[in-house]
DNA sequence: GTAGGGTTAG
């Protein structure tokens, strides 16, 4: 009876109701739990359906010692990607006295590879030696695979070299592993060796090679391998195509992408989810947004992978609003969005100035039960830094600690950046010091942090330590370093680093480096040299370069160069009101009474419509300054008349007539709410007021400021009788008694 | 009953 049932049992199709029927039948004839094999088979079937609780109950009933039920359950756990429980069960199997056999050990090794856990993998290796089964080809193949996944390439090589009978599976594992670790030459060499030793590659070997090349950042090799594979008559399946498309995306080659797209259509592969995701991604990375959307719409797939590729593609092609719209639509359609979907959308927001939205999405994500991972955190943290949302930044820090991802180099670097931008330079350094691995981004984040806080000496010390640690500086490192030197007035050091970056590191000076140098020379009063440097630039100077010159001209009141810089600047950034303000201030400082008319003419010629109030208020202040200087000036009545007209016009346009007036209102109304114009950017800048010693940041909400933000800051500083730190776009300014420590004009 | 290849987020 039992034998007959077992016969039937092994032929059962793997459906859950039939498994349950068989269970009932076995119970009826009293087989379960007294006969080992049928019970074990039943257990295996339950495990297959991931009914692990049922399987575990049966495991307790197995009467005679038999490792098979354990193996079956461990196998099922691994298939269900429950790797840690699988290893835990393996461990209890050993403690019950069952020796590891050649069937269960490869499965346990697969779990180690998937985690990955090198220490457990090594224990399993010793176990196979102790048990005397270390010659088993399955165990050795699994060991090779495990060591490769754990990045222990030398160990994998050792096991591989000692093997006598290498199957195609073993070769494939080793070849794929070499390719994945970027050992292009070795992988190809092995491929040859395998063939000469008489082992033919079936499809998987080729794919392993190709996937490995793609993952290790060798897109050209990936495409070449695909071509060779095709010419040798192997079928290009979905695995091959999706990996090659990913490589094409890295190469940004529309031509190859379109060819593969043609093949995909012919082979009917576009319905495959991996292929479609890779296709959408590759059009997105090549900047072909229209094609990307068309492919996505044509297939009409609701696969989450291609949805994610679409969100990312829209986001990276400056279509952040469309990306957000797509995300919301997918959610409304009931598509099961995963951690990649949420992370891409958070990244889309934090990279496109939608910082509040990024924070809100992160909250929603957790409410939706999607667990953020080591990629989500570095996508979220820039948003925290941008708006100095220290509390949210700290909670992301705590989250990383709980999740055990604090050692991730991206997480660490993003935390350094966030703390620095929130005014917490000491906390940034503490994170930096505890990081186990650092890359150039980590060093840059810390150096930029010091530069932002005006700590030039610390920035230079860290730069020297970076070089001692054999970390090669890049273009970004020098931008921070030069900016720090410029702020601190370390002219000679700055000049030396400007030469070093080009001569020692063969970095081509970018427009940002020039802007720092212009600022550096300008601050030292070497305005003509700064202007010469601009004229000698190999790249076209942008608004930052001319802006640096204009600001320096303000410090040293040089009208001649200021007008040259301003003319260029007004052409490049006609709507940036701050530039007009700077020039008008230089006129004022020089006591040029015709300054008002000059400014009005310039603005009229430039067709400035946006934010005229900013400049007008500044012009008005200038006139005030002039009047204060010489009350008996013959043009006084004329100026007063102009002033009156300006006031009326400003009121008509909805601008507040006087900044002083607004600031006086603050005390009675609401200190947290100052209104004097329109400028979102400055609102953010003033939203970042902090106290000097790093005590909690005080965020002034709803602050809307016009060109007089400087006056407002001075006012707040005086008004509250204390020092404040204000973060401009990329640096902190320290105010005391209405003066700024950096020496800039405010 | 055991071993090798898949895309999308920093």
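Using N, Cα and C of the backbone, Cβ positions are placed for all residues, glycine too.
What TrEMBL records for this protein:
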- A:66-100: repeat 'PPR' (REPEAT)
- A:167-201: repeat 'PPR' (REPEAT)
- A:202-236: repeat 'PPR' (REPEAT)
- A:303-337: repeat 'PPR' (REPEAT)
- A:338-372: repeat 'PPR' (REPEAT)
- A:408-438: repeat 'PPR' (REPEAT)
- A:439-473: repeat 'PPR' (REPEAT)
- A:654-746: domain 'DYW' (DOMAIN)
Worksheet entry | Helix, strand and coil totals (DSSP H, G, I; E, B; other) for the repeat 'PPR' (A:167-201) | 26 helix, 0 strand, 9 coil
Item to complete: Using a Cβ cut-off of under 8 Å, list the residues of the same chain at least 6 residues beyond the repeat 'PPR' (A:167-201) that approach it.
Response: 137, 140-141, 144-145, 148-149, 151, 153, 156-157, 160, 208-213, 215-218, 221
Worksheet item: How do the residues of the repeat 'PPR' (A:66-100) split into helix, strand and coil according to DSSP?
Response: 25 helix, 0 strand, 10 coil
Fill in: Predicted model, mean pLDDT over the repeat 'PPR' (A:439-473)
95
Worksheet item: By Cβ distance under 8 Å, which residues at least 6 away from the ends of the repeat 'PPR' (A:408-438) in the same chain are close to it?
Response: 374-375, 377-378, 381-382, 384-386, 388-390, 393, 396-397, 400, 445-446, 448-450, 452-453, 455, 469, 471, 688, 690, 694, 697, 725, 727, 732
Practice prompt. Could you tell me how many residues in the repeat 'PPR' (A:408-438) are helical, how many are strand and how many are coil under DSSP?
Written response: 23 helix, 0 strand, 8 coil
Response to the item:
The correct DSSP tally for the repeat 'PPR' (A:303-337) reads 26 helix, 0 strand, 9 coil
Fill in: Helix-strand-coil residue split for the repeat 'PPR' (A:202-236), DSSP-based
26 helix, 0 strand, 9 coil
